[in-house]
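As structure tokens, the structure follows; a few thoughts come after it.
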Protein chains: 4
Amino acid sequence: MLMKYQQILEEIHKEVVPLLGDGKVADYIPELAKVDPGKFGIYLLFLNEEAYYIGDAHEKFSIQSISKVFMLALTVAHLGEKVYERVNVEPSGDPFNSLVQLEYECGIPRNPFINSGALVITDLMISHLNNPKEELLSFIRELVGQEDICYNETIAASEKACGFKNAAMVNLMKSFGNIKNDVEEVLDLYFDFCSIEMNCNELARAFRVFANHGKGVIDAKRYITESQFKRMTAIMQTCGFYDEAGEFAFRVGLPGKSGVGGGIAAILPGEYSIVVWSPGLNPKGNSLAGMKALELFTTKTGTSIF
Amino acid sequence: MLMKYQQILEEIHKEVVPLLGDGKVADYIPELAKVDPGKFGIYLLFLNEEAYYIGDAHEKFSIQSISKVFMLALTVAHLGEKVYERVNVEPSGDPFNSLVQLEYECGIPRNPFINSGALVITDLMISHLNNPKEELLSFIRELVGQEDICYNETIAASEKACGFKNAAMVNLMKSFGNIKNDVEEVLDLYFDFCSIEMNCNELARAFRVFANHGKGVIDAKRYITESQFKRMTAIMQTCGFYDEAGEFAFRVGLPGKSGVGGGIAAILPGEYSIVVWSPGLNPKGNSLAGMKALELFTTKTGTSIF
Amino acid sequence: MLMKYQQILEEIHKEVVPLLGDGKVADYIPELAKVDPGKFGIYLLFLNEEAYYIGDAHEKFSIQSISKVFMLALTVAHLGEKVYERVNVEPSGDPFNSLVQLEYECGIPRNPFINSGALVITDLMISHLNNPKEELLSFIRELVGQEDICYNETIAASEKACGFKNAAMVNLMKSFGNIKNDVEEVLDLYFDFCSIEMNCNELARAFRVFANHGKGVIDAKRYITESQFKRMTAIMQTCGFYDEAGEFAFRVGLPGKSGVGGGIAAILPGEYSIVVWSPGLNPKGNSLAGMKALELFTTKTGTSIF
Amino acid sequence: MLMKYQQILEEIHKEVVPLLGDGKVADYIPELAKVDPGKFGIYLLFLNEEAYYIGDAHEKFSIQSISKVFMLALTVAHLGEKVYERVNVEPSGDPFNSLVQLEYECGIPRNPFINSGALVITDLMISHLNNPKEELLSFIRELVGQEDICYNETIAASEKACGFKNAAMVNLMKSFGNIKNDVEEVLDLYFDFCSIEMNCNELARAFRVFANHGKGVIDAKRYITESQFKRMTAIMQTCGFYDEAGEFAFRVGLPGKSGVGGGIAAILPGEYSIVVWSPGLNPKGNSLAGMKALELFTTKTGTSIF
């Protein structure tokens, strides 16, 4: 069995290598543009501790929007369902940072995984946590079971310096009353959150908690309730991949979340977590080789939620 | 085991009875407005032939948009993936019959389960089938294994007489070149398709083929390929419930399709199909008691794709 | 004085000849695409009967949207201000045939000079006139003082065969209840109205009645009231040139109306009417040489409403 | 003659007094909400020095968006037509501070009299003037011929504290590259500009320069060129009244600009400037009694550009 999964990862590796030059590394953030487009890694982690990996699975990268999953989990753990009074749970159907939807729907973002929604989550964290910046890191470190997970201040500063569309969104939501704190504070913290760096192994350990319905595999601690897990998984399924949720559901069939750093973290509830990283993006903003690798994985293993 | 499911349906029945007055029967189609809002039925059908039902599970109702699933299945069975050159596969994020998206995306509908998308499917059926009106009925009859499934001409005429928004969409798409046939012909056929009448039992038998990955349970005939099944299921999951796909994924967690006649058909791939009917709708256009019943069902049985 | 104006027209003619190849003849209507792009004419007609012209000022062309002015005038003459309960009077700020505005503003067009607004006017004419098709022609013939003004059935048929965006709009407005008659009847009549053919001389005579505040210069008949004239002139000023009302107000400074046939009719209230025709259009859909000619005319004569 | 105009103003005063309670004082800026809704004044100033006034014509009020006219005039005086590469000249057809247009038109505002457009003008002033804050005041003081015209720091601070929609717009435009300076600097200066206080008499003197085609009546200085005057007047005509340009053109027929402080300044080029002030606004954001007063004035005097 062990051989089988390792062999599958090796086959996948061979098949995606030719694709590594096809994607386009995110260049709107100068710091991200410096990443080597030839990087590729997978980490597969089962609830029963079996683990398989290949490639650059232990090299840190900017998790970017994948942090939105941790932000949501920590916030619902504190506040429960009332989070969803401030942000909706439906797919957006628009490019991931559109203002139009926000204006027509009176400042209520469509879901917590688009930028506007994550900005509202950030605002909630400022209102209800003592030290959200520290607490998010602590939360992730606890999920992973490892201390050296940090923000990258250079990346955060780089994003702040060009994050005008996010600033537009947070100000628009403030004009509708759906941001309670100072807009600069919200933006600063949001960009910090996006700048977290982890490797495939660390992300796989963190997401395994979600694959285990919100309960730690090793510490057996319940991080989020069964119902909160279910809600979060549904949001990952329908909203986790920018404007490609349908395509991802078809090709991969796992709930998950991608980031413009080229990472994708996904789960098969009750079974495993899997994380791929490849910095080249497709036109919709998802890792090109990463999506292909996950598609090959679920096809070869015959596992998917469907 | 048999007792268990029957008992669950009975419990659900009791719990939803108080909700039967809360929804609002669709009244934009005069014929639909006449339906008794107190109706409620469930039919649950396993691949292994076990079957359970309760209430008005053998009374026919207007399946309305549920027919979009049959339309899509028949069309991809004939044309394969090239269907998706004319209609996208992503959630819409807008009210189910919005023109704005269509105008900004140059006449390409977001997915085949919104009205505009189903109109394109209808157009494809006219272009590529000999007698699409007859063939869709034959296809459904074969899936069900029963002959007496028919269009309701009164309902179709009733919809035609007030279907101006659909007419607007088909004309707009025609202006973009994404409708090839005569607009009146497309509209007429589309309204016929919406007017099909089936009961919970019949729908459950038809959807069981989809639960069986596109292969007939009794006749063992392959209606759609494994890949076509996967695509269709992904679309049901992300786009099957108007602007409530995320809510449905959370509360119920099954791929499916609803109609304004108050029906909802859903599947757990590899396990069962389940159909509920209750004509009162919630503000998003899905059966209010139907959604509750399915939520209770997946909770009580612990089954969901997640 | 007579010399002066004739000389000005001659100078203008010389200056615009090099521009005649720069515009693009409307080609979305096959019949219009056949027009010679080298055509150019001006007719200038004063209230005091002085008249000057140059070029192809006596050759008929398809007046297209210029007919919207006659449609509005005839309808307000019959129904008064209540016309403006069904159509607004503000500039649209969008491409001239957008559906987005119509959907967000619940089927109420922004003004009577965009296609959607003129379709509502057509609907009002069907509801309130005995024979609108005949009566509009009679109205124009009376304004001009000449009988041989007709519809061009070939042009009307040509537009009907490709008028899907107009069909989309009329159906959308019907869905909002802002079209009372049969959509096919409205569309047919609308396309007839667009197909009227007149020459610069005839249009100048008709528009002179508007320059004379709605009162015939020769027959002294009051066609529209002073207040109706004021309203119509304001609409021509702010909405008469698709998405170029501001540019036209600056460069020309006269209220008027253009058509995709390449005609532009304008007035200086109390002074004169002026009509230019040149089939090549600029990217906004207004006659390229026609706008230049009118700009030169108001500059050289020092006349403009400002 | 002198009696006539004074008498007209007195008649108007009587007629509008009953309307003074009907409007709604702008309350989104706390400082503005404190203004007495019973205030009303008119100042009428002819090129030939004749002057008439009534009511509170010498009481200062917050000119708000009327300052956009001065901002545009000063900027085109410095930079000429190239201003219009950064801001368009067409009516917007949307509520006065909409983001949708801005997003679809890639950060180019529709015209310099909506907030987004004035923010671009502010940005241009920062880039090209040495001390724009001082220079705008100097410019206005010179137009008026009077020194005591100032910013109201309390009003500016009040607007800054709730100006999130403007912040959203400036950030959005920055994301498209159409704001060159620091967004905070642009916003601060913009809110300063909005906070200028003047009375009807002072505004009438300043606008008389525009009524005189951009040339000072007393100092004979040319402030803007004839062509710049023509452009600015066209923009006032088509874009000066939020989403009521068409209504204003009909009812009043003069180019002008209104502000949410309840002021309206208008001109009849070559004849006079006229300023009214009444703080109660209609639902479109224009002074309710002010519009009525101007309508009565142009009707009673038979003057309008049409």
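Cβ coordinates come from backbone N, Cα and C, glycine included.
When A:Y5, A:Y190 are compared with the substrate site residues A:S65, A:N115, A:E159, A:N166, A:Y242, A:V260 in TrEMBL, the one appearing in that site is A:Y190. Under DSSP, A:N166 (substrate binding site) is assigned to a helix (H, G or I) in the three-state scheme. Across A:S65, A:N115, A:E159, A:N166, A:Y190, A:Y242, A:V260, which the record gives as binding substrate, the greatest C-alpha separation is 19 Å. DSSP classifies A:E159 (substrate binding site) as helix under the three-state reduction. Taking the Cβ of A:E159 (substrate binding site) as reference, residues of its chain lying under 8 Å away and at least six apart in sequence are, in sequence order, A:I29, A:F191, A:C194, A:S195. Ranking the binding-site residues A:S65, A:N115, A:N166 by how many other Cβ atoms lie within 10 angstroms of each Cβ puts A:N115 at the bottom. Mapped onto three states, the DSSP output places A:V260 (substrate binding site) in coil.
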